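Positions annotated as transmembrane segment by Swiss-Prot: 3-23, 102-122. As annotated by Swiss-Prot, topological domain 'Lumenal' applies to 24-101. Under the heading topological domain 'Stromal', Swiss-Prot lists 123-603, citing sequence analysis as support. If you look up Swiss-Prot, you'll see G194, P195, P196, G197, T198, G199, K200, T201 marked as ATP binding site. Residues annotated as Zn(2+) binding site in Swiss-Prot, with sequence analysis given as evidence: H415, H419, D493. The active site feature in Swiss-Prot is assigned to E416; the stated evidence is sequence analysis.
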Amino acid sequence: MKNLWIWSLPLIVLAFIGWQELANQMPVATSRMTYGRLLEYMQMGWVKRIDVYDRTALIEASSPETGWQWIRVDLPANSSDWLEQAKTLHIDVDVHAVSNWINVASNWIIPLIIIGVVIWLLSRSASSNTTGALNFGKSKARFQMVAKTGIMFDDVAGIEEAKEELAEVVAFLKNPSKFLAVGASIPKGVLLVGPPGTGKTLLAKAIAGEASVPFFSISGSEFVEMFVGVGASRVRDLFKKAKQNAPCLVFIDEIDAVGRQRGAGIGGGNDEREQTLNQLLTEMDGFEGNTGVIVIAATNRVDVLDAALLRPGRFDRQIMVSMPDVKSRIAILKVHANQKKLHPQVSLEAVARRTAGFAGADLANLLNEAAILAVRRGLKQITWKEIDDAIDRVIAGMEGTPIMDGKIKRLIAYHETGHALTATLLPNHPPVQKVTLIPRRQAKGLTWFMQDNERDLLSKSQLMSMIMVALGGRAAEEAVFGNAEVTTGASNDLQQVTNLARQMVTRFGMSSLGPLCLETGNEEIFLGRDMRLMPEVSEEVIAQIDAQVRGMIEACYEKVLELMQANRVVMDRIVEELMEKETLDGKEFRQLVSQAARLTAVN
C-alpha cells in the first residue's frame, strides 16, 4: 500500500495542477451548441463575445428564451464563415493560445496513471509469489505448545480398551523414567483403526488434552500437492519441527490419503504420493530415527495402507476403535446427555437397545436432532417421542408427503405387513419394532426390527430367516393381488436377498457345494493392489453357484408365499389397522397377530 501512494502521489499532483491551469484559462460553459446554431445566433444578434481555444469556442450569448449564458461550440476544421460573419457584425473575438505544457500533461496523465498501476500490481505479485514459493514446501501442521482441545479421557466413553492403550502413551510422555528403568522404549507410533464416527479423532484430541506436551496435527491430504517434491518437503519440515520440540505428539488424520500401498495398481510408478510416503517412512524409522516424537494416525481404511508403514518400529500399536455395543452406547449416551434436558421417563438403556449399529457420532447427532425437535414442538424437555422420531430420521431420513392414493397406500401396507408378519412367525428373527406407511427418502413405507443383542456370528437358520423376511413384502403382494400385480417396490429387497444368498454359497459354505470359499476377486486395483480378474474357479462351478443361489431364493420364496396365503385373515386385519393409524409399534403389531384364531408358521 505504501508503494501505491509513492507511485500515485506525483500523478495526482500533476493532474491537479493541469486541472487548475485549464480552469484558470477557460470559462465554464453552461451548455453546448452546434456550429449551425452558432451562425443563427450571430444573425439574430444574440452573440456578444467569442473566445476561441484551439478548435473550441466559448460564446457569451443572451437570448430571450435562456437569458445570458456561456455556450460551448466545437468549430469545424478550416472553417472561416463564423469569423467573417463576426467581423461584419462587429462581435468581439479573442483567440487564446493553449499552453503546450497543458497539452503535453493532458496527453500523458492517463498513460502515466495506467503504467504506474501496472508496475505496482506486478511488484506486488512478484513479492507474493516469492513469499509463496519460499513457504510452499513448509508443513501446514497446526502446532500447540500446550494443546487446548477442551477434551480429556473422561469425555470419551464406550471405547475403554482403546483408552487404556493410549493412557500408557500419555503416561510415558509424562514420566518416561518409570518405563526406562525397566528397559521399556517409547512407542514410535500408534494407529487408530475403525469405522467412521467411532471416535478416532476424538481420542486424539483427548490424548492432546491429557499429555501436556507439544502437539502437531495435520491431515494426510495436506501433504500431497500437484507439484513434485512438495509432499516430501512438508514431511521433512513437520518432523524437523517435531524433533525441535521433543518429546511431542504428531497426529495425522486420514493417513490413508498419503499412506496407500505402493504396488502394481493402474498408473503405478513413482508418483508424488509415493515420494511423500517414502519420506514419511524414513522420518518415522529411518537411519536417524525420531527419538521423542510419537506419531498417532487415524484411518478407516487400514486395508489399503502400505505394509512398510504398518510394521513395528513405525506403528508399534494398532488400536481397533470398533462400533459400540449396548453397554458402550449407554456410556456414550450418558456423556452426550449431560447437556440435554431429558424427560425423567426417557431411558438411555432403551435408546441404546434401539440404536444397534449406531456409532458415537450417530448417537451425538441423534440426541441433537431430538433436542431440535423438542424446541420445534415448544417443549422444555426431550421426551421419548422426540427421541423415537429422531431415530427414524437418522436411519431413514426426513418424513415425506403422506400417500393420498388409497390403492397405492393399501398395496404398500400389504407389502410392509408381509415383512413384519414373516418376521413375527419365524422363531429366530428379531421382533418387529415399528411398521409405518410414512414415506422417508425413497422408501414409501418402512419396517424396523429390534436387535436384542449384538450379533457378530449368524447361523444358517438366521440367514435363511433374513432372506425370507426380505421376500415377505413381495410374497404378500402376490398373495393378495396376484402375480400380475407384483410391483417394483421389492427391488431393493431382491438385491439384498441375492447378495446374502450368494455370500452363503460362495463365502460361508452354506450350500450343497460344501464348505468352500468361492468368492471372486474383489481387490480394488486403484488402491495399489494387484490386478486379479477371477480366481481359479471353473465355468462349471460358477454355473453351479448361480443354480444354488437361485434354488435357495426360490425355496425361501415358496415358503413365504405359503405363509402369506395361510395367514391372509391376520394380514387383512393388520392392514386395516395400519391404514387407519399409518404407524404401528411392535407391541401393537404383536397384539394384533396374537388375536388371530389360527397361525401357520414355517419351520
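Every residue gets a Cβ built from N, Cα and C, even glycine.
What Swiss-Prot annotates, mapped onto the structure for a quick look.
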| residue | record | DSSP (3 states) |
| --- | --- | --- |
| P195 | ATP binding site | coil |
| K200 | ATP binding site | helix |
| H415 | Zn(2+) binding site | helix |
| D493 | Zn(2+) binding site | helix |
Report task. Round to a whole number and give the Cα-to-Cα distance in Å for the pair P196 (ATP binding site) and H415 (Zn(2+) binding site). Result -> 33
Query raised in the report: Counting only residues 6+ apart in the same chain, whose Cβ is under 8 Å from the Cβ of D493 (Zn(2+) binding site)?
Result: A470, L471, G473, R474
**Report entry** Model confidence over the topological domain 'Lumenal' (24-101), averaged pLDDT
**Finding:** 75
Query raised in the report: When the Cα of H415 (Zn(2+) binding site) is compared with the Cα of each of the binding-site residues G199, K200, T201, which one is closest?
Result: G199
Query raised in the report: Whole-number Å distance between the CA of P195 (ATP binding site) and the CA of H419 (Zn(2+) binding site)?
Result: 29
Report task. Please spell out the DSSP helix, strand and coil residue counts for the topological domain 'Lumenal' (24-101). Result -> 23 helix, 31 strand, 24 coil
Query raised in the report: Between T198 (ATP binding site) and H419 (Zn(2+) binding site), what is the CA-CA distance rounded to a whole number of Å?
Result: 31
Report summary line: Those same-chain residues, other than G194, P195, P196, G197, T198, G199, K200, T201, found with Cβ within 8 Å of the centroid of the ATP-site Cβ atoms are A298, N300, V321, A359, G360, A361
Report summary line: With neighbours defined as other CB atoms within 10 A, the best-packed of the binding-site residues P195, P196, G197, G199 is G199
Query - Neighbour count (Cβ, 10 Å) for K200 (ATP binding site) - result: 25
Query - Of T198, T201 (the binding-site residues), the residue whose Cβ has the fewest other Cβ atoms within 10 Å - result: T201
**Report entry** Minimum Cα separation from the residue listed as 'active site', reported as the residue among binding-site residues G194, G197, G199 that achieves it
**Finding:** G197
Report summary line: Same-chain residues at least 6 apart in sequence with Cβ under 8 Å of the Cβ of G194 (ATP binding site), in sequence order, are K200, N300, M320, V321, S322, M323
Report summary line: Comparing the Cα of H419 (Zn(2+) binding site) with the Cα atoms of the binding-site residues G197, G199, T201, the shortest distance belongs to G197
**Report entry** For H415 (Zn(2+) binding site), the number of other Cβ atoms found within 10 Å of its own Cβ
**Finding:** 26
